[in-house]
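**Student:** Here it is: the structure, laid out below.
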């Protein structure tokens, strides 16, 4: 503040002190900062919440008040000089001369207490104090952890190359901000939609997300993971999983082959059912359209990708077979329509000769008896007449 040139004499000590105090107050006002370190404060119903506020200067002279909200409709939360605030106490002693801590505690928190709180500095005035500076505000929100995510897959199985939907739900969290991600075998998915309800203010929120996944033939051992991250969680996010083995059906492939003749008049025919899932499978043999009950043996093996192979052996007696024998291997998998594979039996002349030389059947035995009767008949009759 410059000294007017019209003054005939230098100012006295009292005037200099007044000018110095004025300059100090202006500098203090310019340096004043209202510090509210927490942008978000998560609280629990029934507990006590502490709202921090410190100042960097005691100037200008005047009180510090607490409000919830801004504008004309803001709510007065605490005033040291006036009003009755039974649930609010100060952290420090505000009566101390050099106190710069105006933090408060609010006890018995209820859902109605959520909102943004501001500590505001007023300049002392007459007849009323004038608002001078406000802190940035601290949002108080009810902190509630989300429930463990639950992942649900499709109601029915689907074959590879088709798209299926998985849903993920989590409930009861607060505040509303939450992050949800989808993964398949560790790879993040992008085809999903997420909704958080309700859209307005609430005590607790729920999230629901639906992801679309294209099934691959090797997905029997695959997993989808729903990952939820929230400010109330300490450490890793929450995860829910679903196995694609519950959603996929891999249809089998069939192959019927005729093996070299094993013993005598028997031909071994093999039906190989490959790469199917799930395990439930029914296999039947038919010969020229007639269902056969006999089956020599069968084996079930599991592949590395989780699918299965089934091998069935069927023995055919060719000693009295015609040349037009057709064998059919029919498979009904997981309640689906049956699929089948046919094989026309090939019997060579050599195999027929082997079968006829192997073991005499009823017809050949009867022929031998008739020949013996014809040869021995004339001998038997004279011998009978002599006697």
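Heads up, the Cβ atoms here are built off N, Cα and C, so glycines get one too.
On a predicted model such as this, the values are computed, not experimentally measured, just so you know.
Straight out of Swiss-Prot:
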| type | residues | note |
| --- | --- | --- |
| DOMAIN | 146-245 | domain 'Ig-like C1-type 1' |
| CARBOHYD | 243 | N-linked glycosylation site |
| CARBOHYD | 268 | N-linked glycosylation site |
| CARBOHYD | 309 | N-linked glycosylation site |
| CARBOHYD | 317 | N-linked glycosylation site |
| TOPO_DOM | 29-360 | topological domain 'Extracellular' |
| TOPO_DOM | 384-387 | topological domain 'Cytoplasmic' |
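Help me picture these features in the structure, burial and contacts included.
**Tutor:** Following the DSSP three-state reduction, the secondary structure of residue 243 (N-linked glycosylation site) is strand.
Residue 268 (N-linked glycosylation site) counts 16 other C-beta atoms within 10 Å of its own C-beta, drawing on all protein chains shown.
Close to residue 309 (N-linked glycosylation site) in the fold, though at least 6 residues off in sequence, lie 272, 273, 274, 275, 276, 300, 301, 303, each with a CB less than 8 Å from its CB.
Around the Cβ of residue 317 (N-linked glycosylation site), 11 further Cβ atoms fall within 10 Å across all displayed protein chains.
Mean pLDDT, taken over the topological domain 'Extracellular' (29-360), works out to 91 on the 0 to 100 scale.
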**Student:** From the Cα of residue 268 (N-linked glycosylation site) across to the Cα of residue 317 (N-linked glycosylation site), what is the distance in angstrom?
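**Tutor:** Rounded to a whole number, the Cα-Cα distance is 9 Å.
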**Student:** Far apart in sequence but close in space: which same-chain residues, 6 or more away, have a Cβ under 8 Å from residue 243 (N-linked glycosylation site)?
**Tutor:** 222, 223
**Student:** Give the helix, strand or coil assignment DSSP yields for residue 317 (N-linked glycosylation site).
**Tutor:** strand
